[in-house]
Amino acid sequence: MSMLAERRRKQKWAVDPRNTAWSNDDSKFGQKMLEKMGWSKGKGLGAQEQGATEHIKVKVKNNHLGLGATNNNEDNWIAHQDDFNQLLAALNTCHGQETADSSDNKEKKSFSLEEKSKISKNRVHYMKFTKGKDLSSRSETDLDCIFGKRRNKKLAQDGCSNSTADEADTSLTTTTTTTSAFTIQEYFAKRMAQLKSKSQAAAPGSDLSETPIEWKKGKKKTKEAAGTDIENSPQHKAKRHKKKKRVEAERGPAAKKRDQVELQPGGPSGDECSDASVEAAEDRVQTPDTQDDVPKPRKRRAKKTLQRPGGVAVDTAPDSAPVKKKKKVSR
């Protein structure tokens, strides 16, 4: 038993593996029909009997040659090259190479990139960039300016003269003049009338124009009514009361004492004190030189003083310390 023995498997052989019984049978229906049409053994099928006369057989390929190649064709590589050259020559004669001497071929075929991008289904360029990328529509001077080629002075002068002449011709041909029967004043008067008619058509009637004034008056009345309501409201009254208390606290106990002295029945009234203070201020202001002239009284705040019967003014400010308020004790 060898080391490389194959695994056992069952294999069935037919009685006629090559099917020779069918091929050797002359009583087949197809063969009879072909014989009626003129075919016989040893002939090929087809109008010219060019078909295969033998059965198809499997051939073993044990070399590196191409399919169908034999040892007889190995030395015929020069003939293959000649056949290839003949094929190229036939193609050149059919399509016809362009000669270099012909003047028509010297002219370059120019095409518009913009038109090509419009015609083509696929987008070649964006529409706003096609004009900039298309150089076929540019002249030689434009291309020279782009690529920086120098030109002779004579050619430049000739080009300038030609361009000026062309510009003059185009300016003469393209000038357009318009004449109107209206003067400037009539034109502007007509325009103003049109604008007024538009504004009148767009603006509402006189009733609508009067409504804003009445609305403003009503708004002012509502504001005044709201102000009076705010003044009479309890919150506003409470705020005023707090403000009054704050002012009295800032004035201090001395001012309160002075008010109490003024309100005593034996003491002078506030009007007399104020009159006396005003007279004293006027005496101070007047000088002996200007007694005849009446000077303008200066506005000054005079301290309130008590005047005794003897004419001596006494300050009502107490020397003692301020009186403290008694706190209420809840029981």
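The backbone N, Cα and C atoms fix where each Cβ goes, glycine too.
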Per Swiss-Prot, the region 'Disordered' among 36-55, 96-115, 156-175 spans residues 156-175
According to Swiss-Prot, which stretch among 16-26, 291-301 corresponds to the feature motif 'TBM'? 291-301
Same chain only, please: residues at least 6 beyond the ends of the region 'Disordered' (1-28) with a C-beta under 8 Å from a C-beta of the stretch. Say none if there are none. 55
